[in-house]
């Protein structure tokens, strides 16, 4: 279940609970239990229809129906910090050719315009040994040595970006490894011509992202913060 659904369910559930805060049905947490069972089994349990009574009469059936309809009721008490923890992080590097061609701001702008958040950045010239660690999964390929020589040939802008779906969509923003096969609108499709000079690298999965971030950055070099734009990007209130 996406965190967007969780957020929507959380807001709706809190509204329902606030409107019915004096009802024993809600104060005893029975609504949460009933909704959780409905979400897990697809069936309304018998007890759910019997818990509408309170000391002052019957709780409005519309409130009960509305609450039981929430598919994410089990998550409705998650706060903003818990949701922030669901954000992915990915490693993105602008290679020496991208740096030398003055494309740093262009590439950063594309990620920012999408709504992703920069949480780590540095400029460095990696050694060949460091480049070999970065490309360790390609060490059996015939082009491995050339890749390492090129990555260590000049300055690299190493970055960590954060956001929902940033690993998968970051790859889409970058485009195919071969710029000739990259769609127009992607970074490589618009700004690169040949495979050997495709200007940018991006993690291809969660485990790769974790490994590459830990290789290029120390934990204290990454920051965690809430951007003022997040409520406009993700709909958080």
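Backbone N, Cα and C define each Cβ position, glycine as well.
Listed in Swiss-Prot:
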type     : residues                    : note
ACT_SITE : 201                         : active site, pros-phosphohistidine intermediate
BINDING  : 95, 143, 171, 177, 188, 198 : ATP binding site
TRANSIT  : 1-84                        : transit peptide
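Known features from Swiss-Prot, placed on the structure.
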{"residue": "95", "record": "ATP binding site", "contacts (Cβ under 8 Å, 6+ apart)": "150, 151, 156, 198, 199, 200, 201"}
{"residue": "143", "record": "ATP binding site", "contacts (Cβ under 8 Å, 6+ apart)": "none"}
{"residue": "171", "record": "ATP binding site", "contacts (Cβ under 8 Å, 6+ apart)": "202, 204"}
{"residue": "177", "record": "ATP binding site", "contacts (Cβ under 8 Å, 6+ apart)": "188, 195, 198"}
Residue 188 (ATP binding site): tally of other CB atoms within 10 A of its CB: 23
For residue 143 (ATP binding site): DSSP state (helix, strand, coil): coil
Site extent for ATP (largest Cα pair distance over 95, 143, 171, 177, 188, 198, Å): 22
Coarse DSSP state, helix versus strand versus coil, of residue 177 (ATP binding site): coil
